[in-house]
Amino acid sequence: MILVFFGHVAGLLIPIEVYYALGVSDEFYHTMAVWGGGIAGLMAVVGIFLLLIRRFSVKRVRATSSLGDFIAIILLTITIVADLVATGTNTVADSGFDYRTTINPWVRGLLTFKPDAAFMETVPLPFKIHMVSAFALFGIWPFTRLVHVFSLPLLYLHRGYVLYRKRIKTAGAHK
């Protein structure tokens, strides 16, 4: 998921003019976006698929799952699938739609509290579904187990080993 996050940062927040100034051609950008995003997207699909299998097939996990867990998984699945459909149909159909000139300026405007809805008029439906489900996911994030993404246990990397010792039963010990 970290690859997906950084791919979206590079794709959405960096203006197209910056890529042109760096000498990145449209063809190279598109190739990197499709292949890099495709690989990251497929990894996300495999991950969510494994998560779904575990959530529904392991009794202990299913028993301790909350409504928030199921809503988060559903929204995450919709977001991932909608993105792959949007990217796939846009690439295969070669529709000429360029999110760098529509969605990107809208997102940057949203982050600066000046969104321009006109940018979103020509955006294909799968992209809109991807964005709405992502916003819904961000909305429920603090109220689900997804919040644990932000608890990075750096001290865990440097702690000593945990030693587990077998208890020796002594005479006269109570159970």
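Any Cβ shown, glycine's included, is placed from N, Cα and C.
Sequence-distant contacts (6 or more apart, same chain, Cβ under 8 Å) of His130 (heme b binding site) comprise Thr79, Ala82, Asp83, Ala86. For His8, His130, His148, the entry in TrEMBL reads heme b binding site.
For the domain 'NarG-like' (1-167), the predicted model reports an average pLDDT of 89. Per TrEMBL, domain 'NarG-like' is recorded for 1-167.
Remote same-chain residues near the transmembrane segment (33-53) are listed as 1, 3-4, 7, 11, 73, 76-77, 80-81, 83-84, 87, 91 (criterion: CB distance under 8 Å, separation of at least six residues from the stretch ends). Residues or ranges marked as transmembrane segment in TrEMBL: 33-53 (among others).
If you look up TrEMBL, you'll see 65-86 (among others) marked as transmembrane segment.
What TrEMBL records for 129-157 (among others) is transmembrane segment.
All protein chains considered, the CB of His148 (heme b binding site) has 9 other CB atoms within 10 Å.
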